[in-house]
Amino acid sequence: MQKSSSASSLGPGGLDLTQTFFKPIQNTAPPSPTKRHTKISVIGVGNVGMAIAQTILTQDLADEIALVDAKADKLRGEMLDLQHAAAFLPRTKIHASVDYSVTVGSDLCIVTAGARQLPGESRLNLLQRNVDLFTSIIPPLAKYSPNTILLIVSNPVDILTYVAWKLSKFPSNRVIGSGTNLDSSRFRFLIADHLDVNAQDVQAFIVGEHGDSSVALWSSISVGGVPVLSFLEKEQISYEKETLENIHKAVANSAYEVISLKGYTSWAIGYSVANLARSILRDQRKIHAVSVFAKGLHGIDGGDVFLSLPAQLGRSGVLGVPNIHLTDEEAQQLRDSAKTLLEIQNQLGV
């Protein structure tokens, strides 16, 4: 498929009007060498990939976006649909191709591509097909953008982030999974809704696997700087642990509910990943719950594993993991989550 982008000529083979339409001024200097051109590539133009691309465009996070997918017609249609909105968006060049060379020089590569589960197919077999798919995605991205940051969104995100790290041979700080960033947002929303406050005033994290063994860090939740559980104990306000567990279950079931109602999730993950892109590319050094190389942290051992922890993100990827306090129970749950992921990885032989 031929890639397409904007051009200054009128029609195929038409006259290039750039030099005649604009008159140069005198005593000019070349562009500043410090000017930065930001390029993001999105691999996979399904519902999730396009929600991410659309959010990145509307938030003016990139000068250039490259879209890659195996379905040429769908890919070109999505590209044209976005290009036709140019008058309503910040100026961003949009390219699309089935050839990974279109991603050359990317600052950030976001991978959303993944195989769909077939009727009666086991989760392990589906995972193996996704691993096989990644062998055709990750090496070309690493080849054309050797200094890029890989942001993996495809599920199961923790294991596929590990696979991307192995295939790319990148340093671990430049391979990140979207992990529980969205789970943590849902968690903050439910707590804020329960207390009738703004979700931006709630600090709360879901960590571990993006899945059934995720861990809610209740001990570190704060609202407006006030530690919630410590406040309740100090004020001698009783609460049922079951209430806390039900909120966590609601977080874990949120995606399933959306999928059962509309068939897929898209907008929330679009905003979540765009939020990560902003923190990375603009070196904001914000803390997000994302899937990172976790071996050696909080007693996690037994092998190389990626899972979600609060992590500071910036222009070089993962800048560090805060030494957040965990209760003994939370730390054990986190180690159990890592063990679950390692057992699956061992079955795959990755």
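Along the chain as shown, residues are numbered 1 onward.
Glycine is no exception: its Cβ is also placed from the backbone N, Cα and C atoms.
According to TrEMBL, the feature active site, proton acceptor maps to H210.
Under a cutoff of 8 A between CB atoms, and with a sequence separation of 6+ in the same chain, the neighbours of V153 (NAD(+) binding site) are V48, I52, I110, V111, T112, G177, S178, I269, V273. Per TrEMBL, the feature NAD(+) binding site maps to G44, V45, G46, N47, V48, G49, D69, N130, V153, S154, N155.
Per TrEMBL, the feature domain 'Lactate/malate dehydrogenase N-terminal' maps to 38-177.
Among the features that TrEMBL reports, domain 'Lactate/malate dehydrogenase C-terminal' is placed at 180-346.
When Cβ atoms from all protein chains are considered, those within 10 Å of N155 (NAD(+) binding site) total 19, not counting its own. Per-class residue totals from DSSP over the domain 'Lactate/malate dehydrogenase N-terminal' (38-177), listed helix then strand then coil: 68 helix, 26 strand, 46 coil. Confidence across the domain 'Lactate/malate dehydrogenase C-terminal' (180-346), taken as the mean pLDDT and rounded to a whole number, stands at 88. Between the candidate binding-site residues, G44, G46, the densest Cβ environment within 10 Å is the one around G44.
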